[in-house]
Amino acid sequence: MVDLLIMRKNAIYSRMFIQLEAELRVGYYETSCSMAESIVKDEVRKGFMRDSGLAAGLVRMHFHDCFVRGCDGSVLIDSTPSNKAEKDAAANNPSLRGFEIIDNAKARLEAVCSGIVSCADIIAFAARDSTEMTRGLGWEVPAGRKDGRVSRASDIPANLPAPTFNLNQLTQSFASKGLTQEEMVTLSGAHTIGRSHCTSFRARLFGFNTTLGQDPTLDASYAAQLRQQCPKGNTNTNVVVPMDPSSPTLMDTGYYRDVQANRGLFTSDQTLLTNAVTAHLVNQNAMNEYLWQSKFANAMVKMGKTGVLTGSAGEIRRNCRKIN
């Protein structure tokens, strides 16, 4: 009887997955808003020309959107007096950026095809475009996501992997979103672009535990450099450091070479060497840039289908910052 119930439940999940695959598709806006992807790309390009670091912000925005309530654009919603939204949680504020690019793209899309293109799809397109502009491989984005109506900062801690996570915690976090351990290692490579605030890694430099001041897995010379950039007691939230100092604006395999050299910025980066399987993946990615970029593109497509809303489950927001 139990086996029969499990079989029925698996059959239901399979039908739901097949239905989702049918509703998200490449070229979703070809007839309803044919300029959709080109308009988003143009706004990403303009933002990138002003500040190349915004590309990393948009890739990260897609991660943070998809890991909390699924890829539903909820990370874009502004807080109200009665609700603190995702974007104002400690993990997102002040570090998440690129919102104005999404706003600009949405405004242009509403002017040419009102009520057609979702904010969630704009984020997905922008993450792909940002990857291409930082010399990574692009991918075809299956679209058709609807926008969610709920955004709560309180949902963040249980869903976003923290920079302090060890390998088991990371693996479990990604598995909860349907992503494998190999895909977790692949997607961690996004840290090859962008920057971090000192608060995300300060504990590795000062007072690591009761007996050690510094995390022993962190390269000593790199740690000394970080202590100069982020001195003890510094409270300036504007101080940031590149996550991959050698090429912070390029989607290359510098991140994996940093991890190999014990120069991963976060605990969650360096922990990839604590297991033979994940360490092998780090070494494989470090040696073959095209292989990693291909795997990254495939993993981003899969991640972009996490918990999406389709059909009548969501809405098409007219303003990405608030529900209709």
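Numbering starts at 1 and runs along the chain as displayed.
Each Cβ is built from the backbone N, Cα and C atoms, and glycine gets one as well.
Taken from TrEMBL, the feature active site, proton acceptor covers His64. Here His64 (active site, proton acceptor) comes close to Val75, Glu86, Ala91, Asn92, Leu96, Leu160: these same-chain residues lie at least six apart in sequence, with C-beta atoms under 8 angstroms from its C-beta.
Cβ-based neighbour count (10 Å, all protein chains) for Asp72 (Ca(2+) 1 binding site) stands at 29. Per TrEMBL, Ca(2+) 1 binding site is recorded for Asp65, Val68, Gly70, Asp72, Ser74, Glu86.
The annotation Ca(2+) 2 binding site is assigned in TrEMBL to Thr192, Asp244, Asp252.
Around the Cβ of Cys113 (disulfide bond), a 10 Å sphere holds 16 further Cβ atoms from the protein chains shown. Annotation source TrEMBL lists disulfide bond at Cys33-Cys113 (among others).
Look at TrEMBL and you will find Cys66-Cys71 (among others) tagged as disulfide bond. With a 10 A radius on its CB, Cys71 (disulfide bond) counts 28 other CB atoms from all the protein chains.
Positions annotated as disulfide bond by TrEMBL: Cys119-Cys320 (among others). Take the CB of Cys119 (disulfide bond) and look out to 10 A: across all protein chains shown you find 31 other CB atoms.
Feature annotation from TrEMBL assigns disulfide bond to Cys198-Cys230 (among others). Here the Cβ of Cys198 (disulfide bond) has 19 other Cβ atoms within 10 Å, regardless of which shown protein chain they belong to.
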To the nearest whole angstrom, state the Cα distance for the pair Asp72 (Ca(2+) 1 binding site) and Cys119 (disulfide bond). 8
Once the chains shown are all counted, how many other Cβ atoms turn up within 10 Å of the Cβ of Val68 (Ca(2+) 1 binding site)? 27
Name the one residue among Asp65, Gly70, Thr192 whose Cα is closest in three-dimensional space to that of Cys230 (disulfide bond); these are the binding-site residues. Thr192
Select the closest residue to Cys320 (disulfide bond) from the following disulfide-bonded residues, measuring between CA atoms: Cys66, Cys71, Cys198. Cys71
If you measure between the CA atoms of Cys113 (disulfide bond) and Ser74 (Ca(2+) 1 binding site) and round to the nearest Å, you get 22
